[in-house]
Every structure is written in C-alpha cells, then in structure tokens.
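Before any comments, here is the structure.
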Amino acid sequence: MHFTIDTNKFVTSVQHANRAVTSRTTIPILTGIKISATTEGITLIGSDSDISIETYIPYSDEEREYMTVHEEGEMVLQAKYFSEIVRKMPGETLTLKKDGQMAATIESDSVIFNLNGYDPENYPRLPQLEEDHVIQLPQHLLKDIIRQTVFAVSTQETRPVLTGVHFEIKDGKLTATATDSHRLAMRTIGVEAEETLEINNVIIPGKSLVELSRILDDAENMITIVVTSTQVLFKMENLLFFSRLLDGKFPLTSNMIPSEGKTSMTVSTKALIRSLERAMLLSREAKNNVIHLRSNGPKEIEISSVSAEVGKVKESLSTSDFDGEELQIAFNGKNISDALKVIDSENISILFTGAMSPFVVRPIDHEQMIHLFSPVRTY
Amino acid sequence: MPNQEFQLPEPYRDTSRKIIHIDMDAFFSSVEERDNPSLKGKPVIIAKHPKKTGGKGIVSTANYEARKYGVHSAMSAYKAYELCPNGIFIDGNYPAYREASHQIREIMQRYTTLVEPVSIDEAYLDVTHNKKEIPSGTIIAKQIQKDIWNETRLTSSAGVSYNKFIAKIASDMDKPAGLTVIPPEEALSFLRQLSIEKFHGVGPKTAEKMHRLNIFSGEDLYQMEQMDLISNFGKAGISYYNRVRGIDNKPLCMKRERKSVGKEHTYFNNLTTDQEVLDELWQLAKEVVRSLQRVQKHGKTVIMKIRYRSFETVTKRMSVPYYLDEPEEIFNQAASLWEEVGTIEKGVRLLGITITNLDPIEYKPITLF
C-alpha cells in the first residue's frame, strides 16, 4: 500500500473513525484503525465491537482530486498514535507507505514516522445488514432527538436496557424515549418511511448516540437509518456508523404520562434553570440536589434548598396560568435543569399530580416533547 | 521549601475547660477476675485458646500479670501462647463486658451529660459545668473512680486536664488505678518532656517519619516551624503543632457517628457451591438492610469479606454513585464482587457484607416504575 493524500481531508476522516476506538478493549487489534486504499478511494474503519465507524474518502469529488494511490492495499495501525501523528503533520499532503509486513512509514514535508501495526487479515469484518427497515431523517433533526433524550439514560449497569434510548415508529411517527427510572425524556417527530413500517423495542446504547451526535452536522442532509434485530446503521455521505442494539425489554412508558393533574402552571424556562442552578449551589458535593418547590398563591412559586452543613437558600419565581391546588414538593433539581436545558421553548408548563407522584414538564408551544419526573421523599 | 513569608496566626490555647479521660484497667480480664476470683494473680488472656482454634485468633485483652510476659492486646493468640504457655485463655463473655460498660457510663452520667464514649472501656467527660457543681475536676475524677470501684469492683485510671488530648495521655501515665492531673501551667513542660511515641495520634509510621526529621521528644516537636510540619505531615501537621503547645480545642463528640454497618457469618461446614454462596449473600444483604434501617442510614460502598477454608481472607470494596438501601441492590453488588474475587474451589468458611460511606437518610428518590 502506498498513497499520498490531502492532510486535512485525511485527518477529518481518521478522527471520525477514531471515535469508535477505545483503548480499553479486550481485543488488541481493535486498538487499531484499518486503512484500505484502492484507486477509487480510501476507507478507514474503527471499532470497539459495540460501535463501528467506516469513513470513505473518494479519489475525487466535483471540486478536486484528493489523493494519488501508488499501490493498493490494507493496513491496521495503532489508533492512539496514528490519529495524533496525522493531526500534527506539517505539510498539506502526507504519504503513507507500507513498510514490511505490518509497519508503515508516514511522511509529510521533512517529517518521517515509522509506526508498527497489526496484520489487516485479522481485522474483524463489519456486519452486513438486511435493509428491510429503513427510515430517513434530516441530520439536524436526528441530532436534536439525541440531544433531547440521551441525557436521561441511566448510567447504572444494573438495568442495561435503561442505558439506551428506545426508538419506536408507528403511524409515521418516531418516538424516542430515555429513562433512568427517576426521569423520562420523550421526543416525537414525523418521519419519511413506508407507511406500513413499524419498529418497536429498538434500544440504541446512549454511548453510541453520543458518539454519533458528535459526527452529525446541523445540516439538512438526509441520513438513512437501517434497523435489524441486533444492529442499527446510520448512513451518511461517505460515513457508515454501526451500533449494536441493547438486548431486553424497555419498560412500557406510554401509559406513565399522566394526562390530568392536581396543579398546573407556566414558568419561564430560563428563569427556572437559573433559579435551580442557584439552589443547587449548596448541595454538598452535588450529592443530593434536593430542591423544594412550594406554590405561593397563584402568581409565584418558592424554590428553596437546605444543606445541613453549608446553609440554605430561598427565592421566589413568578408563574402564570396557575390552576389547581396549593402544592409542596421536593425533587432532584439536577434532573429538572438537565431537561430544561434541552427545551428550546421560552416557556414550559408543569403538571403536578401530587407531592409523592410524578409530574410532567413540556414546552408550551408544541406537543413533540414530554419530560416526566418522580419527586423525592424527604424525611 | 514552604513559603517563608506565609505565616499562620498563632493558635489560641483554651484552658477554661475541665476534661477527664477515664480508661478501665485491663477491662475484659478484670471483669473475668471479678467474676472468678480463682483467676486472681494468674496471667489471664482474653482470646480463644490457640489449641482450640488451630493457632488462630487475636488477644483482645491481657491482664497485668500476663503483660509481664510481654503479652498485649492485638497480638496473635498463638504468639501470646508462646510467650506465656501457662496463661489462662478465656473466650470472652461480651454480654458481661457490655453490662459493666453500661453501668460505668451511668455513673459518669451522674456527674455530667457531656460524656463521649470512645470505646467499651474508655470515655471523655467535660465537667467544666457539672451536675454536682464540684469546681475541681480532680475531685470528680476521684469520686468517679471510687463509684466505679464500689459499684462494679473494677479499677480505672483517670487523666484530668483542660483538653481531651492531654487528659488521654495523662490517664495512661499511672496505670492501674491511677490518677494524673495536668493543670494548664504544667501542660507545656509535661508535653515537651514526652517521647514522641506517647503523643496520641502519632502511630509507628508517623513516629518513624518524625525520627527521620530528628524529632524524638515533645521538645523537638516544639522547635519545628508550623509550615515545616504542614509540608511534612499535611493537615495533621497543624494538629501536631497545636498539640505540643497544649492546644486541642475539640469539643466532646456525644454521638459517635456510625461509619459502617456490617454482618458476617461463619460456616462450620464450608460452602462449596456458588449457589450456596449466593444464598448466603442474599441472607446477609437482608440482615445488613435491617441494620441500616435501625440506624436510619444508607451508604454507597459495599465491602465484601471472604474467608476460605485455609483462613486466607480476601476483602474487596466497590462504590456506586447512589445510595444502597435495598437488599436486592446490596445483593447485586456483593454477588458481582464475589464473581470478581471469589474462588469457590477454596471452600468458603466466612462471608461478610459491610456497607460504609454512610450518610443519614434525609430523602429518598421515588421511582417512576
């Protein structure tokens, strides 16, 4: 293998592939990135066996040619070193040449690296997916869905299904749901898919979605999503992102959302975030984040927090459209502010169903997002 | 080198309090001798006889007769046996010790409510203001010692001073049945002539480090700059600097915070299958949860203890970012620790689960489903 390539173009591609590589893998060859060169272009693959990313640099596009391939071939090079080396190369182009059986010479301007690698024959093959279940979304929308749900996944391995975001397609609507059993984030959108297409219990690991979202653009470009029973594939231009799906049954969440409550109100999203952040300043080592909320007539609520060793805080916040009973409730403030931060609307409505039962937060200007929280019992 | 320009203000020495430290003399063995007068004058060692246990076990107390042979607490019972083969080994009657301890604490409570129990056989008392309105700490200490003797037939040693640190050292000066008083005006010369090992809080490791810095006595410690002590010993350096100046303004701590809650079982028929181990872990998890509920606490760290047939003992801890208070959660953590470090082929003789990193239960998240 021997090629010379535009450094910037190559670096971007290597970095994308490198997103899938972790140093903590039990399979040594997966610490490497696989590079395949043909006269048509160069393919890079990184994988940690849960996530695999394949990027492709075509020989040329409408604008220009990016490379000269002197000799076709394959290599696997240590991602940790390789990605840093190419990033720090000084020249506009760099040359990569196979040097012996498994090693490579990487040159740019007067810099020469010799890097040992692995036998490419031993690199695992990426899954081949049956494209029976396919949907299409604009990238920016997928990026939004991820941002607005993935923060709510569980970080505990005790219930693995909760570490993923659940995707469901029904009646032309896609619903993404994440919950750690104390809070739940749900986002709905209309999708372009065959009308008969129904997908249920597809649980994508939160970690995969976080990585994917770092690659996604805020652009209108369409992304194609292929789902099988064990894998999901996100297809973009010159990039394939594979993730394994989580095994198990996601809790049935549709009937958890209460439609009627005892107390409801509208508050400014930003004002509530700021108020909660102030109240959480006293939480010792961010351990508890228990915030108390009390209605104070129809026009305002009181937000307060007490930390035995540190001190206490109290403030009032104006509300509108107050309806129902007086209320006093305690909750994890961090969970609420996490959710408020992904709500892009100016105002939210909160529907309480009692001091010891779940409450619902939603933007007031559309119906496509619901956040559900359980309160905290204080002693 | 510490910053020479940086000077901490000289600490304030509070000499206004009257603090007594009472330490029971060879407590367990004294209780045994009291209850069985034939033991008097003989070396008594509270530990299972090494012949009965195959050489295992530790000495919890040795009486003064046994100490003459070099036997002391925390020594292996086997070593004690080698040093003192004629020693009388007694298993230990803990209910009797607890009862005596309870009686003694009641006596102390007659003088002041400010009693800090340190362990089953020692306590601090703040008698600055006391129920009997006796102005002298020394007189109170004497009376308490007398009351203890009259009501329990046990001897104690007392130290009297104006803080806990000096009172504790003082009680150790004249054992058994001694009383040592260190008034404020004598405190500094008393501390300066002490060997560094006598300072409470200076263990063998710290002593060694002090020796390397040419600190052998209170006097040597007194000569050290505060910043030098801080750069060598960190936060403890401040406390050494203060203590050698007779300063320890810490108030009594009436309620000892529970730091951990644990349960362990010994299986005379060793466990030989994973299922048996898991069944026992489930039992232990349920017991630990009951204890946690009693003290209204929950914790984030699980410590698993395994002792094998060979007496090889393994402990392994694991912390989680949330509070553990359900048997299922504790069992899950313990089971995964077992999976990680346990070897069933070695035969399991003992299992233990301890929850530590405890906090009081102030709130509990409710779940959605």
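Keep in mind that glycine also has a Cβ here, set from the backbone N, Cα and C atoms.
Since we're looking at a predicted model, the values are computed, not measured.
As annotated by TrEMBL, domain 'UmuC' applies to B:19-203.
TrEMBL lists B:Asp23, B:Asp121 with the feature Mg(2+) binding site. Of all Cβ atoms in the shown protein chains, 22 besides its own fall within 10 Å of the Cβ of B:Asp23 (Mg(2+) binding site).
Look at B:Phe28 (site 'Substrate discrimination'): DSSP puts it in a helix. Taking all protein chains in view, 27 other C-beta atoms sit within 10 angstroms of the C-beta of B:Phe28 (site 'Substrate discrimination'). What TrEMBL records for B:Phe28 is site 'Substrate discrimination'.
B:Glu122 (active site) carries a strand DSSP state (E or B). Annotated active site per TrEMBL: B:Glu122, in sequence order.
Of all the Cβ atoms in the protein chains shown, 19 others lie within 10 Å of the Cβ of B:Glu122 (active site). When the alpha carbons of B:Asp23 (Mg(2+) binding site) and B:Glu122 (active site) are compared, the span between them is 4 angstrom. Taking the Cβ of B:Asp121 (Mg(2+) binding site) as centre and 10 Å as the limit, one finds 22 other Cβ atoms among all the protein chains shown.
Summarising model confidence by region, the domain 'UmuC' (B:19-203) averages a pLDDT of 91.
B:Phe28 (site 'Substrate discrimination') is 9 Å away from B:Asp121 (Mg(2+) binding site) when you measure Cα to Cα.
Annotated pair B:Glu122 (active site) and B:Phe28 (site 'Substrate discrimination'), C-alpha to C-alpha distance, rounded: 12 Å.
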